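Report on one structure; see the data block that follows.
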């Protein structure tokens, strides 16, 4: 393969010119919330309904996640089914990490929430120190992608702990918890669009909050009516959301509406990128108008 020169004189292969993650569109957020819901209900289904137990479920899902991420990291470009399978699996593993701390090790949700908050802050700091950007529009190298997936793992673990803390320990209930997190995400959106909250900060705040939102939706739909849920069970809820995810991912695979093609200087669903600034450019302003909905 012929290397492609960049404006800085460095030479990179074609892989570094292709963003490895999807464009941030409405489809992105819908599928993300669906994945987080599946993460909550699938973990409960494997652990409780099938009787795998928390430890066995954790080992199995961690192994599947390792395989999925290995394939994702080796891929030359963004592939919708592979990317979203990885998100579903990492949502399950993130849930199981929190569940193991709470159920097996007796760590309180207050402590788990604090620990994962610090872990996430440390990950962001390490990512920025290494790459000088937190922009998801420049996931164009294996190192940046590794930071990206580590960050996502901690967002799922933190979201699970924070969601359980509000719904159970603070006795808000599932429906009210859904409302609280939905309002919080709406507030972030307004702050970004109307009050110029930074694009990267707005994205990651919303990303974190979609985890407890999805988990609360999953609990609301799957838990018995006597506990404040709709009584659909973990099997029914997981099946509904997995079907929706599969349909949306198939649509995006066919239409390529969420593909970012940095090498050509254009995004299929977003504004044009300046070809004078290659993917190694660390500017974050390309996110300003499309971080929440591209």
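Positions of Cβ are set from backbone N, Cα and C atoms, glycine also.
TrEMBL annotations: computationally assigned, not manually curated.
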Where TrEMBL places region 'Disordered' among the ranges 231-262, 263-294: 263-294
Contact ranking winner - 78-97, 147-166, 172-190, 197-218, 230-254 against the transmembrane segment (50-71), Cβ under 8 Å: 78-97
Long-range neighbours of the transmembrane segment (109-127), counting only residues six or more past its ends (CB under 8 A): 98, 101-102, 134, 144, 147-148, 150-151, 154-155, 157-158, 161-162, 164-165, 168-169, 204, 208
Residue numbers, six or more beyond the limits of the transmembrane segment (197-218), whose CB comes under 8 Å of its CB atoms: 24, 29, 32-41, 91, 94-95, 120, 124, 134-136, 151-152, 155-156, 158-160, 162-164, 166-167, 174, 177-178, 181-182, 184-185, 188-189, 191, 237, 241, 284-285, 287-288, 291-292
